[in-house]
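*Asks:* This is the structure, below, for whatever I ask next.
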Amino acid sequence: MSNHDPLTLKLSLREKCAYGVGDFGSNLMLCIGTLYLLKFYTDELGMPAYYGGIIFLVAKFFTAFTDMLTGVLLDSRRNIGAKGKFRPFILYASFPVALVATAQFFATHFTLPVKTAFATVLFMLFGLFYSLMNCSYGAMVPAITKNPHERAQLAAWRQGGATIGLLLCTVGFMPIQALFTRSPSLGYLIAAVIFSVCGLFSMWWCFSGVKERYIETVPDTHKPSILKSFCAIFRNPPLLVLCVANLCTLAAFNIKLAIQVYYTQYVLNDIHLLSWMGFFSMGCILIGVLLVPAAVKRFGKKQVYLGGLILWAVGDILNFIWGGTSFLFVIFSCIAFFGTAFVNSLNWALVPDTVDYGEWKTGIRAEGSVYTGYTFSRKISAALAGFLPGIMLTQIGYIPNIAQSDTTLLGLRQLIFLWPCGLAIIAALTMGFFYKLNEQRFAFIIEEIAQRKKTGNQIVATNNKQSISTVNN
């Protein structure tokens, strides 16, 4: 335990940067699959689009439960060594993540059923190792700092790293692949190798640069389990609301990313626009991320979150109505992606607060269970986001590498704009009406937890009617 006041302890710039580099590396390995794996399946492996959707659905549901298992593993740890409670998983799981991320782009010449089975197994393996690495990375924040402003800073650095990783994937992957005109499938593989190796070294940088200061083990009387991780969502109202909102926002964001490569190629007839659009829109996200700490300090997390959702919805509506040219598409996309910067950053800043809420309410601090309960909702969202584009591409009549019909073009416009817009509006209504954990209540919770530890009082807060009345009124 640090001798500094946990609520005022400041982190070094070097440590914040190292933490941000972690999600940079994580996204380099994740986003090559999010952005291009469906297109690789359809165009190089010859799979029907709905096959890809089913693969994503099955594998993401599987990894939703591996996230839960990771939480159980983290909370079950008792003999914690010098590397800490979470950091060893970042170090050791990152190598198989990079290896499988690359292997997913290996073009086989088997029959379609064998190709499908092979792709499904690889995607599930990627999800398993990614759960071990990324859940540990995210659950580590409460162990790094208890200062809410520093948590917002870490969330901003994390989202900044993720944005730069996504930007590089958007701008750099297809140009590398396009260099191999005689063997497009080899181009996919080489690009995947480059991004995965960079991601691996970034995760190792993160491991070496961050410090766990507040390592607490779960009491022996509390036996972690998948059921308890799942129940942690429903026993923690702020976490439940955040999970529902995140279910909408992550699905919206991933649908947009999955469809944009089809939209630029077939609606705007300019596949090279994808790199420019990625450069400008991800640049807007990066600017938004840099503004998050100041905006949160002035307006509070909830208000900034809602403002980001409104910008997102407005940008998508404008794009659906007037985004028929490349220039307007980029402009309106920048508005929408600028809004997503605040939303995606604060998703991560709000989760550690719910960890403290859970400790205040139950007397048990279980970062792993809370965080993986949250990531369970994210994986369900990602499963739907991976499933829907593949199914919808089939429903609207998409056929690879030919001119698309007017019905198909309209379907692409609806998929990339109206679906994300609708989901953003649902998320805004959910957070606006049901999320109650503001800055004042959070400060009260932290103070009461500290007082309990000082006095050795282990009374569970749910039995303290006076405390509950103070927070809820």
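In case you wondered, yes, glycine gets a Cβ from its N, Cα and C as well.
What Swiss-Prot records for 18-38, 45-65, 88-108, 110-130, 160-180, 187-207, 239-259, 276-296, 317-337, 380-400, 415-435 is transmembrane segment.
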*Asks:* Looking at 45-65, 110-130, 187-207, 380-400, 415-435, which one has the highest count of Cβ pairs under 8 angstroms to the transmembrane segment (18-38)?
*Replies:* 187-207
*Asks:* Contact between the transmembrane segment (239-259) and the transmembrane segment (415-435) is defined here as three or more C-beta pairs under 8 Å separated by at least 6 residues; is that satisfied?
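*Replies:* In contact, yes.
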*Asks:* Have the transmembrane segment (380-400) and the transmembrane segment (45-65) got at least three CB pairs under 8 Å, pairs 6 or more apart in sequence?
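*Replies:* Yes, since the transmembrane segment (380-400) and the transmembrane segment (45-65) share at least 3 Cβ pairs closer than 8 Å, they count as touching.
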*Asks:* Do the transmembrane segment (160-180) and the transmembrane segment (276-296) come together with 3 or more C-beta pairs under 8 Å, pairs six or more apart in sequence?
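*Replies:* Stretch pair touches.
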*Asks:* Among 88-108, 110-130, 187-207, 239-259, 276-296, which stretch has the highest count of C-beta pairs below 8 Å with the transmembrane segment (45-65)?
*Replies:* 110-130
*Asks:* For the transmembrane segment (276-296), find every same-chain residue at least 6 residues outside the stretch whose CB is under 8 Å from a CB in it, and list them.
*Replies:* 149, 152-153, 155-156, 159-160, 163-164, 166-167, 170-171, 260, 264, 304, 307-308, 329-330, 333-342, 344-346, 349
*Asks:* Counting only residues 6+ away from its ends, which parts of the chain sit with a Cβ under 8 Å from the transmembrane segment (187-207)?
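*Replies:* Here the qualifying positions are 18-19, 21-22, 24-29, 32, 36, 40, 44, 87, 90-91, 94-95, 97-99, 101-102, 104-107, 133, 137, 165, 168-169, 172-174, 176-180.
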*Asks:* Under 8 Å between C-beta atoms and at least six residues away from its ends: which parts of the chain pack against the transmembrane segment (110-130)?
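*Replies:* Sequence-remote neighbours of the transmembrane segment (110-130) are 26, 29-30, 33, 37, 41, 45-47, 51, 55-56, 58-60, 62-63, 66, 93, 96-97, 100-101, 103-104, 379.
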